[in-house]
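Engineer: Dumping the structure here so I can ask a few things about it.
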Amino acid sequence: MGQIITFFQEVPHIIEEVMNIVLITLSLLAILKGVYNVMTCGLIGLISFLLLCGKSCSLIYKDTYNFSSIELDLSHLNMTLPMSCSRNNSHHYVFFNGSGLEMTFTNDSLLNHKFCNLSDAHKKNLYDHALMGIVTTFHLSIPNFNQYEAMACDFNGGNISIQYNLSHNDRTDAMNHCGTVANGVLDAFYRFHWGRNITYIAQLPNGDGTGRWTFCYATSYKYLVIQNISWADHCQMSRPTPIGFASILSQRIRSIYISRRLMSTFTWSLSDSSGTENPGGYCLTRWMLFAADLKCFGNTAIAKCNLNHDEEFCDMLRLIDFNKQALKTFKSEVNHGLQLITKAINALINDQLIMKNHLRDLMGIPYCNYSKFWYLNDTRTGRVSLPKCWMISNGTYLNETHFSDEIEQEADNMITEMLRKEYQERQGKTPLGLVDLFIFSTSFYSITVFLHLIKIPTHRHIVGQGCPKPHRLNSRAICSCGAYKQPGLPTKWKR
């Protein structure tokens, strides 16, 4: 008690010293940040979730963000785009304005001859040109097609019947026939996202001196048969989705997407210079609902700290150390990635491509199904979390992000303010009680950082589906509001 009274008696003299002001400031910041970490580490969220799961859910998130939804009617796309679906691993369907094609993997041959008189069928106008356009696009996507005896076709009576011979049963066959038309058919089928019964084996150099590679595939079926059919409910258990050609096939863009995670309104975490979470990093990453800021500071602080300051002060200062060169590399990598994504999205839109899986990835937000998407609407500012590629600006479909120098300027200002020469001269005038307060606050802050690092889960997800917020699922994977009403689905905990 005497030390506390003495400490408060010396307060007027304490605040006269710059170093003491710094310690007081850092202590208050550490305490406030520690309290904030306790509030946001997930522990309170986990407790509230366990108390409310399965009982209530709200469309208001963080008091200001409203959950809204946009529903896309994909049925009208069938007027301009062919739709596709799969009944099982061997039967796939494409339909266009009431008529369709059936693509079947089978071991039974339909055509016994080995020729395809496409020119004669074209002169006699024997087939549906819209459906034949789909077949032609698929055929032209087959790499290195130079073995016409490997396919057969028949257009008698206006019926489309095309058969591709396949011969890849195991790994050895796939390697031996890697450059044949059969492998090309499997390659094209695989890139159409219909390859659940096709196995990727290996890749071999082309041997033409171009440095390109040929991908080898295997399947247990002997033939691929394409026939026109009258459309019926062939895919009752599968939602038909648009299929695309051209750029998505030639560029083989299959995994480029924009990813945004829904995080707390203001969540700070330790990371490395690229923004990746790293307990040993010297960067503070502030995550918001719509963006993430990287707050890092220069190596000069650490150099001067190691030369003239004690260990406690340095440990705190190292938390805000940053290498500017690493930030420049990070910015260039992000800009390169954005340019690549811009190219992919523009190619998709220019070719009238809206593929189900890619659309889901591009949204990067909670969703209920493939046609209804949820997004956040800020009731104060009007900002929404819909992807920028949906907003047309300057004739493009994706706004390019240009980084400013605010991070570097803020780093320099912080270093200049914290590392003044007067600190070295007046460091010895710091009272012991203030040092104890500083040590306590930094220890409290370190403990709360550990709570963040263990990543306490806060809610349940259904395995294989998106974030169910604001719905709170119970152990049976259901919510009382009726949005999730299929019990027994596997769940997992998420932060």
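The backbone N, Cα and C atoms fix where each Cβ goes, glycine too.
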Engineer: Identify which of C178, C235 is listed by Swiss-Prot as the disulfide partner of C216.
Structural biologist: C178
Engineer: Test of record reading: of N107, N159, which one does Swiss-Prot tag as N-linked glycosylation site?
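Structural biologist: Annotation hit in Swiss-Prot: N107.
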Engineer: Check the candidates N78, N197 against Swiss-Prot and report the one noted as N-linked glycosylation site.
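Structural biologist: Record lookup in Swiss-Prot returns N-linked glycosylation site for N78.
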Engineer: Annotation N-linked glycosylation site in Swiss-Prot: match it to one of N66, N117, please.
Structural biologist: N117
Engineer: According to the record in Swiss-Prot, which candidate from C85, C116 pairs with C153 in a disulphide?
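Structural biologist: Answer per the record: C116.
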Engineer: How does the model score the topological domain 'Extracellular' (2-17) in terms of mean pLDDT?
Structural biologist: 62
Engineer: If you count CB neighbours within 10 Å, which one among the glycosylation sites N88, N165 has the smallest count?
Structural biologist: N88
Engineer: Fewest other C-beta atoms within 10 angstroms of its own C-beta: which of the glycosylation sites N107, N228 fits that?
Structural biologist: N107
Engineer: Given the disulfide-bonded residues C85, C116, C216, state which is nearest to H471 (Zn(2+) 1 binding site) when distance is taken between Cα atoms.
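Structural biologist: Nearest candidate: C85.
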